[in-house]
Every structure is written in C-alpha cells, then in structure tokens.
Amino acid sequence: MSRQTDMDPGTYVPDIGGLRFWDMWKEVVFVFVNDTKQKHGGGSETGAGAFFPQYSKYPAMAARSKTKFLGELLILSRFHKYNPVFTTFAGDRTISTAFVFQQTALCVLAAYLFCGAGMVWNDWIDRDIDAKVARTKHRPLAMGSVTTTEAMVWMTLQVIMSWGVLRVMLDNKDVLKHLIPVMVASVLYPFGKRYLARKLMIYPQYILAFTIAWPAIPGRAAICGRHESFTETTRQCLPLCIMVFFWTIYLNTAYSYQDVVDDRKLKVNSFYNIAGNHIHVLLVLLVSPIILAQFDPKQPASGGTLHKSNFILGVWTILACAAEVFLTSA
C-alpha cells in the first residue's frame, strides 16, 4: 500500500504496510512470556519467579506480575515522564497541513522511541552508580526489578521500531546518516560521567546536548528532505542546533546538580565541576547569550517580541506549577 503526498504530485511514499508497532510489541511480549513459562513447566508460582526461577531470590523480581513488569519497562524508558525530545519542521507554504502533521507525528514517535532506548542504555551502564544515589536508586535496573537481559531486549525493540518509523518518515533516504550520529552519541553519553572523561575535559552535558540538538536535522528532512541534500539540510539547521546545544548544557547542568552530594562522593563527572561553588554564576553565563540574542537593537520591534516571550514564559510557568500541584494533590 502507498500513500500520496502533497510534496510532489504523482510521487508516492511507501506506507508502513498496515504494521502497528504497539500491537507488534504486545504480541512479542505475549509469546515471550508464554514460551518462557512453558520451558520452565508453568507451576504454581506466580509473578516473575514462575518463569524465571533463577531470579526468585530477588524479592523485587519474584513478586512482580506481568502488568508490573510491563510497567517497569515503561519506567525504564521514562515513558511515564516528559522526555527531552526535540524536533523541528520547516517548509514552504505549498506543503499541505495534513502532510506536515503526518510527518510531525512520525518524527515525534521515532524520537520518543529512540529516546526511550537511550534511557535504558544509560541506566544499564550506570546501574551500579544509580543504586548509590538517592534520586536514582529506585530505577528498575538499579533496584533489580528488571534484569539486564530484559532491559537489553526492550532497548533493542525500541531501536528497531524507531528505525522503522524513521525509514517511513524519510522515504528511506539517508536514514543511516540521520541515525548513526545520534546513536553513537547516545552510546557514549554514560561514559562521559566517568573519571577518565573528566581528565580529558569531556563532560556528559556536551554529548547529551548533541543528542538533543541533532533531531532538528531529521525533523527538517521529514518535510524538505526529498528536495534537498543531507548536507543542505544540515546547513539550514546548524544555527538552531547550536542554540539547542548550548541551551541543553545549561538545562542539564542545573538538572544534574540535584545529585551533587552523591555524585561528588562517587566522583561522577559533570559540567558543574568546572564552577565549583560558583554554580549559579556558571548557569547565568550559560543562559545569558541565548536571552540577549533575542534582542536586536537594529530591530526595535524585537523588544516587543522579547516582552511577549517573557509573558508567555510566565503563563507557562503558572500553568506548569498548577498542573504539578493538581497532580501532587491527586
């Protein structure tokens, strides 16, 4: 089956062929659970211990149900929270709104799945460290409620699904060029927290910032990629990627500071180590260029735009706080 786009009349983009990734995943889980249970002869034991007897000595695993297990996988990929997934789209006005929304949905899905896989990889590499940090000790791998084998299977499924969606979104054009850079960065990210990386003045925020800024490129390619080269797409997205790169360094430096006490005990590498006791000054220096860049003295109207963005930020902050209060009270 094919679908026609408004990008170029008469040209077809391969459809996903009726495949529904969620249905496929449910089928995989069903077959996996039943096959494993049959291999171990079923039995009266319930939960993970019924078909993973070797893990019965771990209470978190032995007591879990199938529903709990699936829930742990979702938590492992942070699907129960917001994710730092960044996508962007650009194109002339001759492109239909329906096509843009279609590509947007595919791009968000691909990025969300890949981000989830990256979370699993990070937690697998850091599982021993996470177990010693107050904020992260309850993560599934750190507390032992999910095995490393299960985590790797889950991660692989997410990567495969993300790759499949990306192929459809990009009409199978330059897929590896879009995927490999962010995949390599995702693999390297947790190792940026190690002591050796600090010696080399490599901080995990550099690597993470790249992985969050890069999706701007496949995002634009989803709309304009059929009419421009990969090099041109990258060139057009470069200013935006640079902005997101530095913004993410600021954002994640502030975020990771939550773990400063435990991280310093464990000698975990992070960008805030540069600042020492002057972390607030560092954060101000990081964010100031982005804010100042919004004002152009040659364009007086930019002052109004800056004021408007500040107002929108205030409204957004109020709504976010209200939502958090509501969710907390609920």
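Backbone N, Cα and C atoms are what each Cβ position is placed from, and that goes for glycine too.
Noted in Swiss-Prot for the protein shown:
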- N34: N-linked glycosylation site (CARBOHYD)
- 105-125: transmembrane segment (TRANSMEM)
- 146-166: transmembrane segment (TRANSMEM)
- 175-192: transmembrane segment (TRANSMEM)
- 199-219: transmembrane segment (TRANSMEM)
- 237-257: transmembrane segment (TRANSMEM)
- 273-293: transmembrane segment (TRANSMEM)
- 310-330: transmembrane segment (TRANSMEM)
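Cβ atoms under 8 Å from those of the transmembrane segment (175-192) belong to residues 114, 117-118, 121-122, 125-126, 159, 163, 166-167, 202-208, 210-211, 214-215, 217-218, 221, 230, 269 of the same chain, restricted to positions at least 6 beyond its ends. Residues 76-79, 83-87, 89, 139-142, 148, 151-152, 154-156, 158-159, 161-162, 165-166, 168-169, 182, 186-187, 189-191, 211, 215, 218-219, 222 of the same chain lie 6 or more positions beyond the ends of the transmembrane segment (105-125) yet place their CB under 8 Å from a CB of it. If one looks beyond the transmembrane segment (199-219) by at least 6 residues along the same chain, the residues whose Cβ comes under 8 Å of a Cβ in the stretch are 84-89, 107, 110-111, 118, 166, 169-170, 178, 181-182, 185-186, 188-190, 192-193, 233-234, 237, 240-242, 244-246, 248-249, 252-253, 256, 269-271, 273-274.
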